[in-house]
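K.L.:
First the structure, which I've put down as structure tokens, then a few questions once you've had a look.
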């Protein structure tokens, strides 16, 4: 955050003495003119190219969504019907389903170094290889080991996208649309899941896997034509290429000089403030940011989302007179897409905190309803004959509430909470923690269900969601419209002055909001 005496009204910015070699009145006027052109009324430049590039990058999330949703339509065909010609036990399939999370956790740190070395764009394009290789192993699998290895490689590619795509999106986006573009990733994940649910209902496992294997290739063909992050070019001293990237993203009429200077200053600041990991974790702001990030990831994975997805087919079947509904998973996937799309429109308007609070509270209500339903069913199945509609409503409500808050927002906030000089090692820690929790929950859920019963599992999840609501209310700050420096001051315990409007950060600090992966 710039010092208070440097903050000026937006239309009359202060010109630093030696920022770009300004020496004459004409130079100063020219600089003033460029600043006003680029910043009056907030921002200039076209937004559509940024949306296009953001959506193209989120094509990796679509590929990730397909492997995340693949287990739902393939469970019975592989374990019961033996579609692949070799036996797959429930225990083996639980490993097939969960091992991709280990592959994703493995890539959280290496992908940061790859982005530093070869750029954000080429790092994402490189992840097409493990995705295609993983699908090939699954398509031509002759035993369970090939299925597991294929799923592991899918996790490697998908986990890398969970770091690279949000980073790329944040670096190409102007602050006014950063939150909206940040939700594109989760939106495309849900679209990928819905796609697999819908296609999987009509084709066999091998055909489904072939279709899923084509998606990374389509992503690569489209994303190849997108620009590299201008922040990466500035890191490498390739300023003309950074200017070309900004022209692509903001439009040919955009004067990129001021933004290039901001990027240079942000890069110099990151390099000057680079600190060892142990030193970083002695800072109050970093400790609080890590605690908040890990807390959000914990409550996201232990909200009960896996249990609700697991039981949705059985719940819909009970509402359908005991007959299995092939459309149940499609309905759930559709709700995810619509709710996540809604979140992308409102996240920059209503804020992160309110979405998290509403999401977690209503998820708790939903799992309480499911716990009561399963408790009554356990005591006397006849009692729930006329209450199956309530269970269906609870499932739909849970999926919708998860998708507007705890689905996309934790990933978005991880990119906002850490200072640039600690993001290189702090953000991947949050990612690894999330994927390991996902592996743990997916792997032990069946054992937990056997030990506690269906009702006990949902009572547990409802209690965790209520704790998550309290956590958000007491601990999580609002980051909407705040610069990174403002967020760091809040995490350090400072109170922002009333005359420091969060929506108008100093333009020289604007680039501090771009993620930095490796110092």
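Backbone N, Cα and C atoms are what each Cβ position is placed from, and that goes for glycine too.
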K.L.:
So which range, 388-412, 488-512, gets flagged transmembrane segment in TrEMBL?
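P.N.:
Going through 388-412, 488-512 one by one, TrEMBL gives transmembrane segment for 388-412.
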K.L.:
TrEMBL lists transmembrane segment for one of the ranges 180-199, 240-259; which is that range?
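P.N.:
The listed stretch tagged transmembrane segment in TrEMBL is 180-199.
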K.L.:
Any contact between the transmembrane segment (354-376) and the transmembrane segment (457-476), i.e. 3 or more CB pairs below 8 Å with pairs at least 6 residues apart?
P.N.:
yes
K.L.:
Other than its close neighbours in sequence, what residues sit by the transmembrane segment (180-199), given a CB gap under 8 Å and a spacing of at least six beyond its ends?
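P.N.:
Result: 50-51, 54-55, 57-59, 61-66, 68-70, 72-73, 162, 165-166, 169-170, 172-173, 208, 211-212, 215, 329-330, 332-334, 336-337, 340-341, 343-345, 347-348, 403, 407-408, 411-412, 415.
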K.L.:
Among 290-316, 328-347, 424-445, which stretch has the highest count of C-beta pairs below 8 Å with the transmembrane segment (388-412)?
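P.N.:
Per the Cβ count, the answer is 328-347.
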K.L.:
So which of 290-316, 328-347, 424-445 has the most C-beta pairs under 8 Å when paired with the transmembrane segment (457-476)?
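P.N.:
Going through each listed stretch, the top one turns out to be 290-316.
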K.L.:
Do the transmembrane segment (122-141) and the transmembrane segment (424-445) come close, with at least three CB pairs under 8 A (pairs 6 or more apart in sequence)?
P.N.:
no
K.L.:
Residues of the same chain, at least six outside the transmembrane segment (51-72), with any C-beta under 8 angstroms of its C-beta?
P.N.:
93, 96-97, 100, 124, 127, 131, 134, 151, 154-155, 157-158, 161-162, 164-165, 168-169, 172-173, 177, 181, 184-197, 200, 208-209, 212, 215-216, 218-219, 222-223, 226-227, 248-249, 309, 329, 333
